[in-house]
Each structure stands twice: as C-alpha cells, then as structure tokens.
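In what follows, a single structure is set out as structure tokens and then discussed.
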Amino acid sequence: MIKAGIIGGSGYTGGELIRILLNHPEVEIDFVYSTTRAGKQVTTAHPDLLGLTHLEFTGKVNPNIDVVFLCLGHGNSTQFLKEHQFSKDTKIIDLSNDFRLQADAVLDGKKFVYGLPELKKEEIQKAKYIANPGCFATAIQLALLPMAQSDFLQNDVHINAMTGSTGAGVSPSATSHFSWRNNNISWYKPFTHQHLEEINESLNSFENDIGELFFLPNRGNFTRGILATAYSPFEGSEAEAIELYQNFYADAIFTHIASDAIHLKQVVNTNQCHIHLHKYKNILLITSAIDNLLKGASGQAVQNMNLMFGFQEDLGLQLKAGVF
Ligand SMILES: NC(=O)c1ccc[n+]([C@@H]2O[C@H](COP(=O)([O-])OP(=O)(O)OC[C@H]3O[C@@H](n4cnc5c(N)ncnc54)[C@H](OP(=O)(O)O)[C@@H]3O)[C@@H](O)[C@H]2O)c1
C-alpha cells in the first residue's frame, strides 16, 4: 500500500479523489488537508461518505508520504509548495493550471510532466511531478489529437463545449447559483478560454501546421460532464476518420470511439472519454464527452498515479455511469 495526502480536500476535485482512493486497493489516505475545516470529520464536507470513513481534516501535512494531490485553485499550488516541504521521494500530482504550460513546468527544480496519458504515457510512467490537464482541455485534446498527429488540422477548427456547474468549484458564484443556473444556458470567455494554451501546446507537439482554434465554452444546466464538438475540413471518408481515431487510441484504456451518436450521461461518473465522428460534405464533426471531475480531473489524476507507481492503469477507476 502507498500513502496518499490530499490538499484542498473539502472542494469538488478533492472530494472525488477521496471517494476514489477509499476504494483503491493499493492506496491508504494518510491525510486530507483543509485550511478551513481542520479537526472536523471529512463527512462534514462530504456527507455521502458517512459510514465509509472516519477520516478528519487536518491542518498539518505529513512530508513523508508517497504521493500528494494538490486540489487547489490557480496560483495556490505554487504558493502551497513554497510553504510546505515534502520528502524528495514524494510524487506530486497538481490539478490546477499552475504547471501545465512548458513555460511554467519547473518549480524549484521540480519538473512537471503534462499528465494526459493518451499523449504522454511513457513520460508519465517515469515522472515524479505531474500537471494534470484541465477539464475542457482534456475533452478537446482527445477530440483533436489524432487529426493533429496526421496533419489534418491545417484549417481553422470551430469548437463548442458545454460544462456542468461543478466545473466552477464548490464556492457559490453568480453563475452557479441555482436560481440563475437552473433552466438556463449561456456562453462565457468566447475564443479566449485559458485552456486554449495547453490545448495548442499539445496539438503543436506533433510539429504539423495547426489552424486557429475558435473555442466557445458554455455553461450548462446540469452538475457534471462536458460535451464538446469540433469541426474542420477533412478530405477522407467517415470510415477513414474512424480508422484514424481507432488506431490512435488502440492502447488507450479509457478513450473509445462510439459508432452511434454520443450523449453526456454515458460517461458521467466514469473516467471514460467517448468520441464520435460524423462526416458532412467535406467537414468532419468530432464529438467528445467526459466527466469533468473524473477524466477531466480526479479520475485522470488517479490514472496518472497508477502509471507512476506501476499499478494497473484502471485500478480503482472501474466506475459505473449513471445513465438514467
Ligand atoms: N472542478 C472541476 O471540474 C475541475 C476540473 C479540472 C481541474 N480543476 C482544477 O482543480 C483545482 C481544484 O478545483 P475544485 O473544483 O476542486 O475547486 P474547489 O471546489 O473550489 O476546491 C478548492 C479547495 O481548495 C482549498 N483552498 C482554497 N484556497 C486555499 C489556499 N490558499 N491554500 C490551501 N487550500 C486552499 C479549499 O478547501 P479548504 O477550505 O478546505 O482549505 C477549497 O475547497 C482548480 O485549480 C481547478 O481549476 C477543476
């Protein structure tokens, strides 16, 4: 058994990590750190865990653990690592965007590897420090990577994606307030969402020409999941597109190509990414769906942990979709 610590355990991604790790056969949760709830039962923030754990939040970290997950907002991970020391053997998985871009990937000699297993599995297996990808970034990269690798993204790409309210974290805001969000829909940050930078870095890693990505993020009237669509010219047939994607994801344990049109609920509560391809005239429409808190955050973080420690890649992640 390895020992894990969770920082920011009262938030949404921290809560999902606790749920997954309590059922992971190779992991014991050593501590769950909280700035606001130290000394209180973890169930005060996550009442669904009643009867499953007696863990209490702590205000102190154990520096000698095997792995620590940072589930903090932008900028707080850097601050936290400057203020807290871990042993040189402790592996760190950061869920924020502090270390995702190559320009930000090194902190005090620690080199963070971008943790998208479908793109960097071998690097992740050898890594000590992981920058877990963003949720929109995961859905969109998985939709576009095979096209980028095969040099089919030379034209502009139009992307539309909708996320559930948990994407904005646990603290209530004007646009996650029930009265505003329920029966409502809206876009935000048109063409300028911060995840575009990490998406572009990955797509450009194949060193092919990439057109401009026009990304319109939307807020949906549901709590979890991301459904993303992207389209761009593609000269081949639909069957050729499917073959391209199936070949690219042949070894991917959680990313699968669906023959029928996909919907959100088939992946919610799982670590899966489902992708569907549809050809219209000379355009290829690519649809991808993930759970923002699992494949888009905590599930992918555990997938990365499994790879880093040499565990079976889907250990603790054989989850069941809600569906109905
Ligand atoms: N939500 C998603 O779908 C999603 C997907 C991918 C990536 N992410 C990223 O994952 C990170 C966490 O997201 P989240 O949705 O879990 O956020 P969240 O629900 O807002 O939780 C963050 C937690 O961090 C703790 N915290 C706040 N300020 C802190 C500080 N200065 N030092 C230490 N702890 C602090 C708080 O817990 P205490 O009060 O208990 O300390 C808070 O509950 C973010 O960077 C986010 O961008 C989120």
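Any Cβ shown, glycine's included, is placed from N, Cα and C.
Remember, TrEMBL labels are computer predictions, not curated facts.
Quick look at what TrEMBL annotates:
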DOMAIN    3-127  domain 'Semialdehyde dehydrogenase NAD-binding'
ACT_SITE  Cys135  active site
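Within its own chain, Cys135 (active site) has Thr163, Gly167, His195, Ile226, Ile290, Asn292, Leu293, Gly296, Ala297 as residues 6 or more apart in sequence whose C-beta sits under 8 angstroms from its own.
Per-class residue totals from DSSP over the domain 'Semialdehyde dehydrogenase NAD-binding' (3-127), listed helix then strand then coil: 38 helix, 31 strand, 56 coil. According to DSSP, the residue listed as 'active site' sits within a helical segment.
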